[in-house]
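A short worksheet on the structure shown next.
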């Protein structure tokens, strides 16, 4: 079990490329933290600095109050699972899982106990005598997880462990890793570019862009209260819709739209002196409904109707704006069809058009 403190962490390479910039985060014991962001945002580099595989250029890394900057990787009490399984093909599942413990010269009885315990948790007992070539991708990933589990480390680090699996296996392994966290009751830090993995697995999500932390929070918080337009657009699938316009009286207006703003949001916009200035309204696809209400109704034309089974994703054109609408599958929708959509303005978000920071 472990607490981590990352204080003003920096990573600067010899060519002066600044990959991680002033990273600050307190991680409590037993948390499941997910670093998420696009490729090149610095999430894997940060993980590797925690593991001791990358040198920290500036700042301090503390584990249970002890400064770890100069402590070698093998002495940090950390276990890591990589994107590639990195299994020894000539060894059995048992020997792959036991290899690290044998290198530490741990007693055979202890090794046997730990390997069998991990295999039981991961559903690998019947595969212990097989070699990796006889396993599926999901089973190989479980072996890689098992190899980390048997170390009984204080912190588990996972660097995009599911990216090599097909879609169905990823969903299955996502749930298995969440269950594993509950069983082990230990601190886990997980890196992914997949916001769905972040939303479904994390205690808290750390969203990064260009080496800078954009927001830290529980999944529901970052989804419902994004700190800026990047977070709002990155978290959620399909992404949040954005419309540029201005505030005129109690209306959000563009050249073709006029939508009434709820009083609570309008009061915040007034205190932030956002009236008559360029502003961006954001609204999620599920907060635009294909049925008319008393106000905030707009005519839209469907360009693409995607049926996912339980619902439709409607790609529509609304007064020159491209908007995605999430609709139930009770009705049929077709490309070229004209529909009336309703904006639930109680759920909309407003961002400063210049800074892209959330206003309300």
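Each residue, glycine too, has its Cβ placed from N, Cα and C.
Here Swiss-Prot flags 37, 38, 39, 40, 41, 42, 43, 44 as ATP binding site. According to Swiss-Prot, the feature domain 'ABC transporter' maps to 4-235, an assignment based on sequence analysis.
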39, 44 as binding-site residues, winner by CB count within 10 A: 44
For residue 40 (ATP binding site), just give me the three-state DSSP call. coil
Taking 8 Å from the centroid of the Cβ atoms of 37, 38, 39, 40, 41, 42, 43, 44 as the cut-off, which other residues in that chain fall inside it around the ATP site? 193, 208, 209
Neighbourhood of residue 38 (ATP binding site), C-beta criterion under 8 angstroms, separation at least six: 193, 209, 234
40, 42: which of these binding-site residues has the highest Cβ count within 10 Å of its own Cβ? 42
Row residue 37 (ATP binding site), column other C-beta within 10 angstroms, all chains, value 27
Would you mind giving the whole-number mean pLDDT across the domain 'ABC transporter' (4-235)? 93
Using all protein chains shown, find which of the binding-site residues 41, 43 scores highest when you count other CB atoms within 10 A of its CB. 43
